[in-house]
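Asks: Structure below; questions to follow.
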Amino acid sequence: MNTSYRKIVVKIGSNVLTRENGLPDTSRIEHLVEQLSAIKKQGIEVIVVSSGAVASGRSLIKIQEKQDAVAARQLLASIGQIKLIHTYMQLFEKQELLCSQVLVTKEDFRDRMHYLNIKNCLEILLQHHVIPVVNENDVVSVTELMFTDNDELAGLIASMLNADALIILSNVDGIYNGDPKSEGSKVIEEVGRNAGNISTFITSGKSGFGRGGMVTKLSMAQKVARLGIPVHIANGTKANIITDVLTGRVVHTRFVPEKNTSGKKKWIAHSENAATGTVKLNKGAIQALISGKASSLLPVGITAVGSDFQKGDIIRLTDENNTLIGLGIAEYGSDKAREKIGEKGQRPLVHYNYFYAIL
Ligand SMILES: Nc1ncnc2c1ncn2[C@@H]1O[C@H](COP(=O)(O)OP(=O)(O)O)[C@@H](O)[C@H]1O
Ligand SMILES: N[C@@H](CCC(=O)OP(=O)(O)O)C(=O)O
């Protein structure tokens, strides 16, 4: 296979793994495993982020309609995940490969130490030629502790491992410039930095068993591409899809990567939840920070320091209306930052190497 990618993350949506009646589609999973195995055997590192626990659970047990939604999800995922991973295990074994189960929650990425812990875990698996099959631990992650969906998790994993590409497999050919079901709609094949407002094309409808929908796929893909990793959204229900995406033989949506950023910057980009303090900036500082030039945040551009933070914490940088401009690592704590508000000639609070612009 002719691809320059050496490490890929492949996210497989619930709808790809499930038939319309809700039962797991074992022959499709087998076909995907065959492709992943062929890629792996060529020396490309493969990490799978697989949804489908809840959908698998639905095929195994009937639950009452009035059941609390959170409890129902816990029940279905607990039963379904074991079935799902067992299916993967058997199919990879047939290919003489080992896969592993990695279940995570948002909490497992709450600070740099936890983040590196998961990173080390995935790296040791890859070093031993194991294919990690990652999913959110739906049994223990509830409501505000949850990822938006597995697209968000896949973006985080691809960034964390500095993958060469992220492939998102859904049940559509890519992002369409209209309703995918309308005849006139076409797949947008390339999305660059100045692609305009693609989100206006996305209708709120989700596929039968999915969670986040195309909106999260789009925002995650744009973020990951900005960090320097190409993202492909393609139809996982089509034969040979992974190989065809890698060889550029199939219509799908590709997000063009920007310059690759450092590992620390990638971590900051995915760590809004870990932020402690908030700092408000004036217009000049905002312009300098989002200009794309190497500008650090100087105290002269700060108008207020909100909640407390320590040196080394991730902080939120906002405008006067509390709109998030970016995230950065504080070079010193909030007490010192307050003393220097508006002062010229002071040390930067956030160095440009440790700043990630949201806008
Ligand atoms: N403009 C669009 N282009 C492509 N898909 C869209 C668009 N607008 C809405 N969608 C919907 O997004 C769905 C895919 O997202 P999702 O349900 O989260 O799938 P998955 O389970 O694969 O994560 C598609 O099935 C489609 O109905
Ligand atoms: N973790 C959940 C999947 C959540 C999710 O994001 O689903 P999907 O939108 O199909 O990728 C599960 O395994 O059922």
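Any Cβ shown, glycine's included, is placed from N, Cα and C.
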Asks: Looking at TrEMBL, D138, N150 are annotated for substrate. Which of S50, S51, S56, S59 sits in that same site?
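Replies: Same substrate site in TrEMBL: S51.
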Asks: Roughly how many Å lie between the Cα atoms of K11 (ATP binding site) and S51 (substrate binding site), rounded to a whole value?
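Replies: Between the Cα atoms of K11 (ATP binding site) and S51 (substrate binding site), the distance comes to 8 Å.
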Asks: Among S51, D138, N150, listed as contacts of substrate, what is the widest Cα spread in Å, to the nearest whole number?
Replies: 11
Asks: With every protein chain in view, how many other Cβ atoms are within 10 Å of the Cβ of K11 (ATP binding site)?
Replies: 29
Asks: What binding-site residues among K11, S51, D138 have a C-beta sitting less than 6 Å from any atom of ligand 2?
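Replies: S51, D138, in sequence order.
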Asks: Near N150 (substrate binding site), how many other Cβ atoms are within 10 Å of its Cβ?
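Replies: Result for N150 (substrate binding site): 28 other Cβ atoms within 10 Å.
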Asks: What is the three-state DSSP composition of the domain 'PUA' (277-350), stated as helix, strand and coil residue counts?
Replies: 17 helix, 21 strand, 36 coil
